[in-house]
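Feature annotation from TrEMBL assigns domain 'Threonine synthase N-terminal' to 3-79. Annotation comment: TrEMBL describes 97-366 as domain 'Tryptophan synthase beta chain-like PALP'. Taken from TrEMBL, the feature N6-(pyridoxal phosphate)lysine applies to K107.
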Amino acid sequence: MSFYSTNQQTPHVSLREAVTKGLADDNGLFMPLQIPELPHSYFEVIQEKSLPEIALDVSATLLRGQIERGVLQEIVEESLNFPIPVVPVHGRIHTLELFHGPTSAFKDVGARFMARLLAYFVKDSDKELTILVATSGDTGSAVANGFLGVPGINVVILYPHGKVSDIQEKQLTTLGQNITALEIDGTFDDCQRLVKQAFLDQELNQRMQLTSANSINIARLIPQSFYYFHAYAQVKHLSERVIFATPSGNFGNLTGGLLAKRMGLPVAKFIAATNINDIVPEFLTSGNFNPRASTQTISNAMDVGNPSNFVRLMELYNQNGDAMREDVIGYRFTDEQTKMLMREVYENHGYILDPHGAIGYGAIRDYLAMEPDAIGIFLETAHPAKFIDVVEEVIGQKVTIPENLQAVMQKTKQSTRMSHDYNDLKTWLLARA
Ligand SMILES: *Cc1c(COP(=O)(O)O)cnc(C)c1O
């Protein structure tokens with residue numbers, strides 16, 4: 001099993017190369033050349049397996065021949081050392097709580113797995129590796145946490161000034177050690193563009209070994225399929241039709257779900273749920289993919305105007321939009337609607353949603369109205385305390401801050417302010433090469 005680039009202009013590569021490069025030389029994204037299916041019998045016993053056991057079975061099947069099972073086992077056990085429970089909200093609606101990791105967002109899953117895989121692949125190298133990561137809020141801290149203190153690896157985080165929450169900013173800027181935060185005068189799209197440009201800059205790449213940790217890295221994508229299997233295992237006794245709603249921005253999380261389906265997971269439907277940055281829902285209804293500048297919303301981690309993983313979605317469906325429409329339906333919600341959903345769910349059911357999860361909730365609620373026998377799971381992608389200002393204002397209640405977030409709030413921010421001009425980033429990086 002090897003990996004190809006979605007642009008088809010480079011030779012196939014090993015897992016090691018795909019993970020250390022991040023982006024292919026032709027600027028495409030890596031995809032597995034074959035996607036093997038787990039046998040049907042696997043899904044008859046899946047409820048007896050733990051999350052790390054499922055993760056090992058799935059990853060060993062997909063990555064056959066690329067890494068030893070024993071190494072993989074250690075990596076999944078260390079990466080998934082926190083629970084990912086399915087919690088009933090009301091009626092047929094459940095939530096998959098993905099926020100019990102160290103940075104309280106779902107990105108911990110992908111980031112921890114990737115960090116360990118990468119550390120394994122570079123452990124014998126004498127070259128320092130620099131990881132560039134653009135973040136709309138949660139990626140940066142999850143990735144940085146995953147790599148904190150790993151010898152031979154430096155992490156440089158680019159985040160948009162003024163566009164992440166206070167807690168998120170503290171999480172990005174207070175780690176120290178091998179982690180540096182750059183505060184960019186621009187949007188998340190600017191940060192992402194700067195990172196992509198750096199990877200394509202030959203001069204820079206000769207001077208330093210750069211890699212990516214965004215959801216474009218295949219090692220972040222693969223583990224994001226694990227918890228769909230785990231969630232299915234927890235609810236399969238309730239209905240034959242299981243539906244997932246995934247709050248989406250760059251669409252790595254949803255791609256993880258669709259990868260799970262390709263590997264045999266019997267999911268009836270996936271919902272691509274977005275805020276008003278609804279490029280993919282629009283594609284699903286109109287057939288037109290129109291990337292545009294992102295608009296700021298209260299679900300800021302989904303303020304993405306040009307979702308990178310769209311090309312992977314298209315690859316999974318052999319460039320056939322109609323085939324994708326059989327599996328995926330899009331929903332979008334404005335900030336006002338999102339707030340109403342948060343208020344409603346808190347007042348009627350006592351569950352506190354964060355703004356991202358609220359969009360998943362709204363989508364599954366509206367969709368289930370058309371499917372009386374199905375069970376719905378929306379992914380709760382962050383702990384509500386990460387967005388405490390808006391959450392407390394909307395529900396009129398104090399939110400309890402988990403200990404890991406309280407600790408980070410006490411620390412002092414350390415960041416370097418920078419323009420969104422690529423030359424400034426390049427000069428800064430070269431000075432450190
Ligand atoms: C990153 C993020 C998302 C979007 O996930 P994608 O994989 O980029 O679609 C949703 N919610 C939260 C809280 C996030 O941090």
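Glycine is treated like the rest: Cβ placed from N, Cα and C.
Nobody curates TrEMBL annotations by hand; they come from automatic prediction.
Computed over the domain 'Tryptophan synthase beta chain-like PALP' (97-366), the whole-number mean pLDDT of the model equals 94. Remark: K107 (N6-(pyridoxal phosphate)lysine) has D138, T139, A142, V143, R220 as non-local neighbours, by Cβ distance under 8 Å and separation of at least 6 in sequence. Across the range of the domain 'Threonine synthase N-terminal' (3-79), the DSSP-based residue counts are 39 helix, 9 strand, 29 coil.
Following the DSSP three-state reduction, the secondary structure of K107 (N6-(pyridoxal phosphate)lysine) is helix.
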